[in-house]
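**Q** The following feature annotations were taken from Swiss-Prot:
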{"type": "ACT_SITE", "residues": "Ser165", "note": "active site, nucleophile"}
{"type": "ACT_SITE", "residues": "Asp330", "note": "active site"}
{"type": "ACT_SITE", "residues": "His363", "note": "active site"}
{"type": "BINDING", "residues": "Arg235, Asp364", "note": "substrate binding site"}
{"type": "DOMAIN", "residues": "59-369", "note": "domain 'AB hydrolase-1'"}
{"type": "SITE", "residues": "Arg332", "note": "site 'Important for acyl-CoA specificity'"}
Amino acid sequence: MTDVAPPAGVLDVPTDSVGVVTPQRMHFSEPLQLRNGSQIADYDLMVETYGTLNAARTNAVLVCHALNASHHVAGIAADNPRDIGWWDNMVGPGKPLDTNRFFVIGVNNLGSCFGSTGPMSTNPSTGAPYGALFPVVTVEDWVNAQARVADIFGIQQFAAVMGGSLGGMQALAWSLMYPERLRHCIVVASTPKLSAQNIAFNEVARSSILSDPDFHGGNYYAHNVKPKRGLRVARMIGHITYLSDEDMAEKFGRSLKAEDIRFSFDVEFQVESYLRYQGDKFAEYFDANTYLLITRALDYFDPALAHGGDLTRAMAQTQAGFLVVSFTTDWRFAPNRSREIVKALLDNKRPVSYAEIDAPHGHDAFLLDDARYHNLMRAYYDRIAEEIGA
């Protein structure tokens, strides 16, 4: 929820910021049926909102997060003035997703480590953290949980459900699981399923965690340690896939950390230093069990599987209008993966707009400032606002 006064240490809140925000914790006592056949009961979801829900409850937009993000989509966290929302350049007054017009909701998914119930939470059956006992969750499970959040707000239909990367998969799942509950589906830098190569990257990352001596079968909390070495390597692997070769060449090239080579196995190149820094930073704040869960959810997502692998048949049940966006240098989820979604929609004669943005920053481009990209998003949301009278 948005406050009006800046927190201590923040002298100036930008006029296009949603301001200082404090999340709310929603508790759900009714069991949630999971895709794996089990249930989870008495769980919490962290939720953050921006803007005002109109009387008709038609101006709500759900923003779904990617692997290491959370409910904190925009604004300044009340408990940490340096914590700016992960999509702050997209969401706010006068921004592409304009909170003067739309009521924006961010939900932290089950299994995460940012306040929603996950492996770090207390298992009511044991009184200890769930750890490895936390059930494997899927994109579909997250969407079902998000639908319960919508119910609490009295939202029958979202003006849009939007996400990038893994968030885009959730948006896509919304269009299939609750086709009548969203007017528009915005899928950015995403894919209808992971390729074998992407599953392989995830497996190497998970293996680095599982082989860390401090992992203790996922119950490292009881040992008061974290498998930081494995998590560090996992993040380094993932980070490489988020950047383009062009971007890495421009940022680092073959620049050395010292003036000359030292003929050692310590850090020699600037790119090595960068990756180690990113890995170290990630290992300090992220949870290894959560990393395992979320990467496995990525692997499992494949809406065409129930339709004999035919994405066109899978997409036949959609009712929303679509905006699909890809980036030329994204090799994690390359443009051809977005075009698969577009083709399936066109085959079903569904309304879809598609843009392939020429950007040098690889997969991470969906999070960065780019005038063409943001103008496109702004224009699409202007259209939605006109439809609903926002």
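Start at 1 and count along the chain as shown; that gives each residue its number.
A Cβ is built for glycine as well, from the same backbone N, Cα and C atoms used for every other residue.
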**Q** I'd like to know the mean pLDDT over the domain 'AB hydrolase-1' (59-369).
**A** 97
**Q** Spatially, which candidate from the recorded positions Ser165, Arg235, Asp364 is nearest to Asp330 (active site), comparing Cα atoms?
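**A** Looking at Cα distances from Asp330 (active site), the smallest one goes to Asp364.
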**Q** Write out the long-range same-chain contacts of Arg332 (site 'Important for acyl-CoA specificity'), meaning residues 6 or more apart in sequence whose Cβ is under 8 Å from its Cβ.
**A** Ser165, Ala189, Asn198, Thr241, Tyr242, Gly362, His363
**Q** Looking at the recorded positions Asp330, Asp364, which sits with the largest number of other Cβ atoms within 10 Å of its Cβ?
**A** Asp330
